[in-house]
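Peer 1: Take a look at this one; I'll ask things after.
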Amino acid sequence: RFAVSVGYWKDPYIQYFVRQAKERKAPEINRGYYARVHGVSYLIKAFLKRTECNCQIVNLGAGMDTLFWRLKDENLLPRKYFEVDFPMIVARKIHNIKSKPPLSKPIMESHSGDSLLIDSHSLDSSRYSIVGADLRFSSDLEEKLKKHNLDVHLPTLLVAECVLVYMTPQQSANLLKWAASTFPVAMVINYEQVNMTDRFGQIMIENLQRRQCNLAGVEVCRSLDSQRERLLLNGWETARAIDMMKVYSFLPQADVKRIEALEFLDEKELFEQLMQHYCICWASKDSSNL
């Protein structure tokens, strides 16, 4: 929310979900978010274009994400867009959607057919669905998604941003295995920590623990190789992983120049270290050669 207010990228919808931050955030954090948003979005749009939007997206642990609304504005909506998070988070998001016309209108506009299904813990329209479920139990997850018309035969993109790291390695492996065995044509995008065994990574873990935040799955975040391995061992055919410094160097350089002029960054070295401790991994399983 803060990075958007400074002008790093445009997101007219985030204001309806998150209050403006009281304090300034560090410039290296804002640049990190910028790279994450653009990197993930680049892969999502590549998938949408390749499938000509004849696909579905399942956003795992979506929180207050605004991607559905931004894709609708760009005329890039998939056949159906699903969001999954804990029931408590889902209830809060549905409350915001119901009470803010700029959020509810796009859902109504893209809806066709019978009346909209909405209660305190789920919302289901023909193009957008939000489901309260615990990602650690994939059978419960599958049942709820199917109730909202998940089509396992449609090319499917699963997105997880800083989600798997909060589960044990076994739980995230089960989730990835479930996805790989459920959809014949699928892609998964995972954004999270990497290189966590060095000193900088250890300090990151300690800082989070001090805030009562435990990274149950941090052992999979040892390296880019361990991140890739997890995907390949759980049924995905191809897998790639790159750190966020590399992602940053791939972004359109004219726009990078623009955002670098927004705030003075004193600690170039700290920024680079931070970016080397996050990565984007993506994997695919593809029976129809997309």
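Every residue, even glycine, has its Cβ placed from backbone N, Cα and C.
Feature list, courtesy of TrEMBL:
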BINDING   R36, G61, D134, L135, E161  S-adenosyl-L-methionine binding site
Peer 1: Are there any residues in the same chain, six or more apart in sequence, whose C-beta is under 8 angstroms from the C-beta of G61 (S-adenosyl-L-methionine binding site), and if so which?
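Peer 2: For G61 (S-adenosyl-L-methionine binding site), the qualifying residues are V84, D85, L135, A160, E161, C162, V163, Y166.
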Peer 1: Counting across all protein chains shown, how many other Cβ atoms sit within 10 Å of the Cβ of E161 (S-adenosyl-L-methionine binding site)?
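Peer 2: I count 19 other Cβ atoms within 10 Å of it.
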Peer 1: With S-adenosyl-L-methionine as the bound species and R36, G61, D134, L135, E161 as its recorded binding residues, calculate the greatest Cα-Cα distance and give it in Å as a whole number.
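Peer 2: The S-adenosyl-L-methionine-binding residues span at most 24 Å between Cα atoms.
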Peer 1: List the residues of the same chain that sit at least 6 positions away from R36 (S-adenosyl-L-methionine binding site) in sequence and have their Cβ under 8 Å from its Cβ, in sequence order, or write 'none'.
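Peer 2: Those within reach of R36 (S-adenosyl-L-methionine binding site), by Cβ under 8 Å and sequence separation of 6 or more, are E161, Y191, M244, Y278, I280.
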Peer 1: Using Cβ atoms only, which residues of the same chain lie under 8 Å from D134 (S-adenosyl-L-methionine binding site) while being at least 6 residues apart in sequence?
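Peer 2: D134 (S-adenosyl-L-methionine binding site) has long-range Cβ partners F86, D140, L141.
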